[in-house]
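**Student:** Just passing along the structure, written as structure tokens.
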Amino acid sequence: MEYRSLTLDDFLSRFQLLRPQINREPLNHRQAAVLIPIVRRPQPGLLLTQRSIHLRKHAGQVAFPGGAVDDTDASVIAAALREAEEEVAIPPSAVEVIGVLPPVDSVTGYQVTPVVGIIPPDLPYRASEDEVSAVFEMPLAQALHLGRYHPLDIYRRGDSHRVWLSWYEQYFVWGMTAGIIRELALQIGVKP
């Protein structure tokens, strides 16, 4: 697939719905969810945030809107929608959920389910000052180009795991966020 010419219709036709894996949860893993907001345009965008530098965890990092599943959330999808509304004022009713990607285990002990949703292009984003320092849109075709991500193997407590690194304008996209974007690219058939 030529990444420069990806249209929303191309993306939607390539994206195959996956259901969350039911019995994948190891003991002591907390659940979290992120929304992968695809902006509905002829050449779609990918909405990302930069976390506040004042947060205890992942301060200043580029991320998708999301967070822990609360007791009040009916599902991981409901959690992703609630968090997107809290962090960047995306109303849940404005999101057309088209599916989920397989859960990802975070280094902080969460099992994170990426929820893929289409959002209108004219939403007035409003960053929650406590959690988000910036909201920006990256062209989806650029985001899904696998050649932009570079591997880094990290060794911690005798274990090794690979993270992916990339820049978009002044934003450093890496770690779980870059990994989720790569999984989305692979899901729609982008070849490494």
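Just so you know, the numbers here start at 1 and follow the chain as drawn.
Just so it is clear, glycine is given a Cβ too, placed from its N, Cα and C backbone atoms.
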**Student:** Looking at 67-89, 90-112, which one does Swiss-Prot call motif 'Nudix box'?
**Tutor:** 67-89
**Student:** Mean pLDDT over the domain 'Nudix hydrolase' (29-160): what is the value?
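**Tutor:** Within the domain 'Nudix hydrolase' (29-160), the model's average pLDDT equals 88.
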**Student:** Mind checking how the domain 'Nudix hydrolase' (29-160) divides into helix, strand and coil residues in DSSP?
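**Tutor:** Secondary-structure composition of the domain 'Nudix hydrolase' (29-160): 23 helix, 56 strand, 53 coil.
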